[in-house]
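One structure below.
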Amino acid sequence: MSLTGCLPPRPPCSMRRRTSGGGASVSPVVAMASTAGVGGIGNPTPRGKKPFAPWREVPPQVTHTLPPEKKEVFDSLEGWAADTILPYLKPVEESWQPQDHLPDPRSPSFGDEVAALRERAAGLPDDHLVCLVGDMVTEEALPTYQTMLNTMDGGVRDETGAGGSAWAVWTRAWAAEENRHGDLMNKYLYLTGRVDMRQVEKTIQYLIGSGMDPRTENDPYMGFIYTTFQERATSISHGNTARHAGRHGDAALARVCGTVAADEKRHEAAYAAIVAKLFEVDPDYTVRAFARMMRRKVAMPARLMYDGADDRLFARFAAVAQRLGVYTAADYAGIIEFLVARWGVPGLAAGLSGEGRRAQDFVCSLGPRFRRMEERAQEAAKRAPPAAAAPFSWIHGRQVQL
């Protein structure tokens, strides 16, 4: 997962309301210490009571910055989305289902199949299990991601919950495809017997209860850039997890992770196509939205991960993923470079304002800049003492090197 998404705790601050330029609203910042087990966002509870989410400071949240005239852009793309984006979806009857990759409970050999699965999984090291659980927990927070898409302005949200626009159909069908990922990985981990499922399930509930602020300001330009980045990041993460599983002798788990990675790759292609179309019809605003998104850095959707005890659970999970090469800072830089090239940002010329040209220069410089930072960090890491270990409740409190 992206290390840039792991933000250090900030000191408490007082309740205040501010207004950003352009009429955008900024939510109040609630004074909350990062103290686990005391209370939650918007739901103060007496000390000792279990909250819906851990106490966390909520930073200023900028909302609804999309200029009203930009809605016309998405209205004009409705037919294009129906013809170009919806075909990225697979018909349900042609789609894989979790049961296709799991022992069949109707089969007389079900017990033997489960025993074989557990025997293969016994060879997975604890640090790989941590990455697998972290990926699964991220997938299981799907309600949050569908909610995020339906907060976007510009006429792309599903206004009724069963809307007929191409944008609404896409969001629901995308979520339905994504839902299989967490289901499959959850059931697989349950059958392995290697993890503390109650702790994992608590983590999922806490994460959904905590929500996420992707800092996209309800702007679909920024929102679709964010989702493109995230789909590529998850495809990389699941693909690397698949390779690790294969190296440790669990070919079935490798197929599970590879299947999920392939779905994420297809979804990435759809979201990237949307942004490419926006660059075609509105290059100036789109490149400025790209720069705004990257200045905020792309926070991973599971960065509010919490298991009821560990305030730094995501940071530790991310450190393990970085050390194993499941998802690294180099991957983050690589995604930026890929998207800059995919959307033809260096070649933009006509139609750019002065601000647009500055945004173009900024995003084109980011990939190389992050790579240099990563190279320096790697050199420093070689000279540093071995990283400390930390316990993970997901694996019954066993220690894993960070």
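Each Cβ is built from the backbone N, Cα and C atoms, and glycine gets one as well.
Annotation comment: Swiss-Prot describes 1-32 as transit peptide, evidence class sequence analysis.
Positions annotated as region 'Disordered' by Swiss-Prot: 1-66.
As annotated by Swiss-Prot, Fe cation 1 binding site applies to GLU139, GLU178, HIS181, GLU264. For the recorded site, HIS181 (Fe cation 1 binding site), the DSSP three-state label reads helix.
Taken from Swiss-Prot, the feature Fe cation 2 binding site applies to GLU178, GLU231, GLU264, HIS267, supported by similarity to another entry. Within the same chain, the residues at least 6 positions away from HIS267 (Fe cation 2 binding site) whose Cβ sits under 8 Å from its Cβ are TYR88, TRP174, GLU177, GLU178, GLU231, listed in sequence order. The DSSP secondary structure for HIS267 (Fe cation 2 binding site) is helix.
In the structure as shown, the Cβ atom of GLU139 (Fe cation 1 binding site) sits within 10 Å of 25 other Cβ atoms. Taking all protein chains in view, 20 other C-beta atoms sit within 10 angstroms of the C-beta of GLU178 (Fe cation 1 binding site).
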